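TrEMBL has this to say about the protein:
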{"type": "SIGNAL", "residues": "1-20", "note": "signal peptide"}
{"type": "DOMAIN", "residues": "174-286", "note": "domain 'SEA'"}
{"type": "DOMAIN", "residues": "271-373", "note": "domain 'Ig-like'"}
{"type": "DOMAIN", "residues": "381-477", "note": "domain 'Ig-like'"}
{"type": "DOMAIN", "residues": "482-573", "note": "domain 'Ig-like'"}
{"type": "DOMAIN", "residues": "858-1010", "note": "domain 'GAIN-B'"}
{"type": "DOMAIN", "residues": "1015-1273", "note": "domain 'G-protein coupled receptors family 2 profile 2'"}
{"type": "TRANSMEM", "residues": "1017-1044", "note": "transmembrane segment"}
{"type": "TRANSMEM", "residues": "1056-1078", "note": "transmembrane segment"}
{"type": "TRANSMEM", "residues": "1098-1120", "note": "transmembrane segment"}
{"type": "TRANSMEM", "residues": "1132-1154", "note": "transmembrane segment"}
{"type": "TRANSMEM", "residues": "1174-1202", "note": "transmembrane segment"}
{"type": "TRANSMEM", "residues": "1223-1243", "note": "transmembrane segment"}
{"type": "TRANSMEM", "residues": "1249-1272", "note": "transmembrane segment"}
{"type": "REGION", "residues": "1326-1349", "note": "region 'Disordered'"}
{"type": "COMPBIAS", "residues": "1329-1342", "note": "compositional bias 'Low complexity'"}
Amino acid sequence: MPSRTTTGLHCLLLLVSACCQIPKGSNFYPFSYVIDSMLGQESFYPEMQRQKRNMLILDLPLPEYTVDIEVSLQDSSYLQPIKDYFKNINLPINVSNVQITVSNISTTTVCLPSGENSSCCFCENGYAWPSAVCHDVKPCPSLGVEPALPCGYMQKMPFYGPYCEPQTAESCGIGEPIVMTMSVRLDSDFQDDLKDSSSVLYQKYKADLEKAFNASYRCLPGFVSATVTGFSPGSVFVNYEVRTGPASFTQLGDSNRGVRQFLDSLYRLNPLTFTRVITNQTNFTVKPSNIFEGDTVRLTCEINSTFANATWYHFDQVISTSSRYSIETFLAIRRSILKITNVTTKDSGSYSCVFITSSTYHTEIHNATETVSVFPLNVTPNLEDLDVTCNSPEAQAKGFLLSCCIDRHLKSLKVSWKVNGTINIAGTSILSGNCTEYLIRVNESLCPPEKSGAVTTYTCELETGHGARRTRSIEVTYLRKAHVKISLSTNSTVSEGYGFNVTCESDVSNYDSISWKIQSGSDTKTVDCDMCIINSKFPAKSVLTVKSASQDWRGTYICTFSQKNLDSSANVTIEVISLPLKQNILVDPIATSIECQMPHALECCISAKTESNYRVTFFVQQNEFKVEKKKKDNLVCYMYNHTEKECNKEKKFEAYCRFINHIEQRVDSKHIKLHLIPDKKISCSDKLGIGTEGDILIKPCCDVKNPKGFTRGNITYQCINSSWKPVRNDCLSGPINDLLSNAESLVNSPEAKAQLPSYLEQLKKQTEEELSTIKNSSANLGAIITILDTVSSIPAEAEEVTMTNFLSTVDLIVNDSTTKAWKDLNEEKTQQSSLLLQSVENFSVRLLPVNNTIPSVSANTVHLQGIVVKENNNTNYNKEFLSRENLTVKVVISETEIQTLTQNSTVVSVMYSRLGHILPQSTFGYVNGLLITTTLSSNRSQKFDVNMTFAKNDSSLKTPKCVFWNFTLNNHRGDWDTRGCTPTELGNYVLCSCNHLTSFSILMSPDESSELNFEDYISYIGLAISIVSLVVCIIIESLVWKYVTNNTTSYMRHVCILNIATSLLIADVWFIVTASITDQNQQISRDICIMATFFIHFFYLCVFFWMLSLGLMLFYRLVFILHNTSKTAQKAVAFCLGYLCPFVIAVTTIAVTLPKKSYMRNKVCWLNWKDSKALLAFVIPALIIVATNLFIAAVVIIKILRPTIGDRSSGQERKSLFQIGKSVAILTPLLGLTWGFGLATIIEDRNRAFHVLFSLLNALQGLFILVFGTLWDKKIQEALLKRNSSTKWSSQQSKSSSLILVTPMLAMSYPFSRTFNNLCGKTGKYRVSSSEPSTSSTENTSKAYSLLN
């Protein structure tokens, strides 16, 4: 044991390990042995003494223990002696009193004082700190830089351990060193030499820094070395590696803090920038391991040290919390979790978690990276859709299997199937590997016919178990094979030319399409005829209508209802029996005259190629006769010689032949018109036939070269100068005749639509070749128009070639070379020009788009453009056309109107530059622009607004009218109509706004203004004055009638004046009404216009004939002085002239001209002049009467100028001149002499003065009659004065005692009854006391002059 000399050491701790044997079970702890210099003795702690007592009483086997003894020294000088003492002590040492044997004593730990309550402890050689406290030991701060000095670690005092232990592989700092990647910043400018590891600067920096790092880090547990690996810019970042044992965060911070004291200050090391990046100490896990789109993914990072915060990165982007991303960080368990919901393939890539722990002198970054791959969850069904026939035996026996598979095998896969549809048939689900199957068994009862075609959706849903879910649907269409019935409207045989229906019915109404085919032998053709097939859904029915059977229609009819890929059919066989068509029967003659009791040959011929065993008979006046059969060239003719025996009178009748085939179906030929004439009238007689002078004979067109034996048409002959002269040839040329026949066959063909393009090509070619024939023959022209109209009923594919062929044919027949033929057609009052326009409209309407387009096509004078209406069409319809004459027309339909049309419907516009001039001339004016037709393929009952802008052809024409071609007007010949259109004149253009679609153009009037001219104003004002004057005249006549009709002459004079006034009043009223309507361009119905024309004609004639009656009476009184005629006779003659003659003339005129449609003019309601010269029925009587009355006026003047006995004084001369002037003023209006100026308007047509004078005098004729015929009459003046005086009225009544008034038999209420009676010439009868002298020339002369007074 140490001597007393050790008592002087204080604050020095020495830990001694002693190996000894003590009794087992003793409570033995390390104890302290203190050498206290003050006491001068060795003392042990009481605990040791108690242990010693315990050891003395145990008698057990002696186990071996290692005892740590802590020796505290007050003086450091005792340290080495004590260490030497323990090293040199003789062992073993037996302590007999306590049964302890000390086998080994070693010094393990030496602690030196280091500040207050702390010491710096060192492990002796061969000893090391235990691993449990390795991270807690802290180097002593006062150590020098000498590497030979051992590293001490700070411990608190009093120090109770743990103490250094013998070195083992697991001792602190003994194991395999780790490499720490670290960096620090130097706050100095970066130099490029630091990039070069061989540069002097680089080597200097490296050496100085490594020296400082090694000095500062040498006390880290297990430190090996510190090596600089490089420099990077950003000031100067020093990258270095430290090879050492595991060191704690605090240990590294303490070491970092000491680096600066070992480094020159010129390096300006920033002690706050020490950073360590740790990449291999983070546990990074990803769940699930297989990630699919839609899954929820959890990424977890765990580290074994504390941290302040955690950050997640996707590639280089920081991840923040959002709807799909959530981050949970648990500091206590050192974990951070990133949760991503509903992942997509865009979420694939590199994910990094970064943990940061910071202190003043050290920052640690734990970083870990994992790559996440997100796979699409692809579900693949075995079928996209499936058609199942419910009543199929195979489907009912086996059922059908649906399946869905994914491309990866998943243990957690969940599967479900859902069924949705009107036919809800569930199945059985089976999971097999990565596929799920669904087996369905069908039953016919679950698929009723009305639900055939219903779609049921089977949806498979697969889930990964981590949120990803995918569904795929398989559509199953349940079909039912239909039961189809087919029936005929007739039996199984039908004759050519006869119609029939074939009806197909199905119990399945929800079909997709119906097709018809005709199988004849090995040939099968599809019936492609939109016009002859009518389909309906409820009930499911298709009716095929054949209007005229031909051999093309014979065979087995197969009607097929198609639904998806399921066809259900039925068939029936039809045999077509030969029978000639009516148009293919030649009759000879067509119209002829026959002679009584003489046989006349009648023939019906057919082509020898179509001849069959027909039973043929002739019918004449409903009497049947047998025929004789004979072959003529290419014809087979059936002849009958008819002899007419009933010859009592001339008559007309008809004959025809009848063909009957073996099934008793028949066809009658066209009728032969026969005219029976007396023998004595026959003028022409030869092989053609017989007839009287001027008779017409019509013969068919025979063509020996034609395979059919004849062509259509006829030749008209007229009997002129006892011989038949051809006056008209309407025979068709052979090629055009064939084209017409082929067109009729085509339109009735089951393959009309397919054959149309080739036919139109042939039509164009033949029309070009036959153009010289067409331009000289209205019949051939009419045939081409009929052909175009016929084929326009067939829907055509909108192929450019097909459209060009059709429009080129139209262009050929409207060019300038055909003008003469068109003129002949229009003079015949045919509807061919209107029919041509109609055919182009029909062709446009039935165009079927190809590739959803309508191509633009041009053919010289005809241009076509159009569109197909598509879904969500957001543009206007705007088409502009330019003719070769540089005329334009633009058609605009607004977007709003276009959007009301059905999808895939078409809007087509066709421009014509010649057709407008070929149409019949309008009553409104002349076509002064292009003609444009716009059609819609979809039906529109409501209004449809369209705007068109026409360029004027002739700017000198005025009063533009927007018109459309109304096909129903003019007995369906068509005419221009203004209804629904409003014009707006824009300089050289006219804008037409219409509320419907068809063919449009503009009409303008030559040299006419829309305003009334001067003559019109004169006429209207004058006629209004005349009408008022005539009404006043009639009223005055009715008031003074009995005062001025006291003798026969005066009586007849006033009867004539009253009837003239009444007739003129009625005529003027009719005239002004119709004239005003015409000027306002209003449409007047034809019947009203005919009636107005008749009454104007009649009453104006009445005016003239009553004027003639007045003139003849005046002439009678002047010339036949000694002759006296009774009042009744004069009145009868006057009324016959005044009303009967005009009536006969008016009725005769309308009877002759109305059937020929030439009674009226086109523009006004007045007699026709151009076509029938009906106006002469007014002009001739009027001019004759005017001439007669002019002669009578001359006689009156001569009578006035006749000298009396003796010379006349100057006063008498003046009186005579006054009398002549007065007579002329009275007679001119009364006798209608002003109408004589009408001759001047005809002769001097260009002198407007005569027109103005004629209009003025005739318009004011009523005023003249009132003034000169009534008011200027002295007797009327006196009578009016008497009417105004009641006393004179009473006196006049008392003085007429000798005059007894007899009331007329037809009297009415006064004054209208008197007016009516006066008009009819009925008045009171006067009994005169003395008879009227009849032989006095003076009396008669005075009565004659009284007509003028």
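Placed from the backbone N, Cα and C atoms, the Cβ positions cover glycine too.
Any TrEMBL annotation is an automated prediction that lacks curation.
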**Message:** Ranking 1017-1044, 1132-1154, 1174-1202 by the number of C-beta pairs under 8 Å to the transmembrane segment (1056-1078), which range is first?
**Reply:** 1017-1044
**Prompt:** Short question: which residues 6 or more past the ends of the transmembrane segment (1132-1154) have a Cβ under 8 Å from it?
**Reply:** 1052, 1055-1056, 1059, 1063, 1090, 1094, 1097-1099, 1101-1102, 1104-1106, 1108-1109, 1112-1113, 1167-1168, 1172, 1174, 1177, 1181, 1321
**DSSP residue counts for the domain 'Ig-like' (381-477), split into helix, strand and coil** = 12 helix, 50 strand, 35 coil
**Request:** Could you pull the average pLDDT for the domain 'SEA' (174-286)?
**Result:** 91
**Message:** For a three-state summary based on DSSP, what are the helix, strand and coil counts in the domain 'SEA' (174-286)?
**Reply:** 39 helix, 42 strand, 32 coil
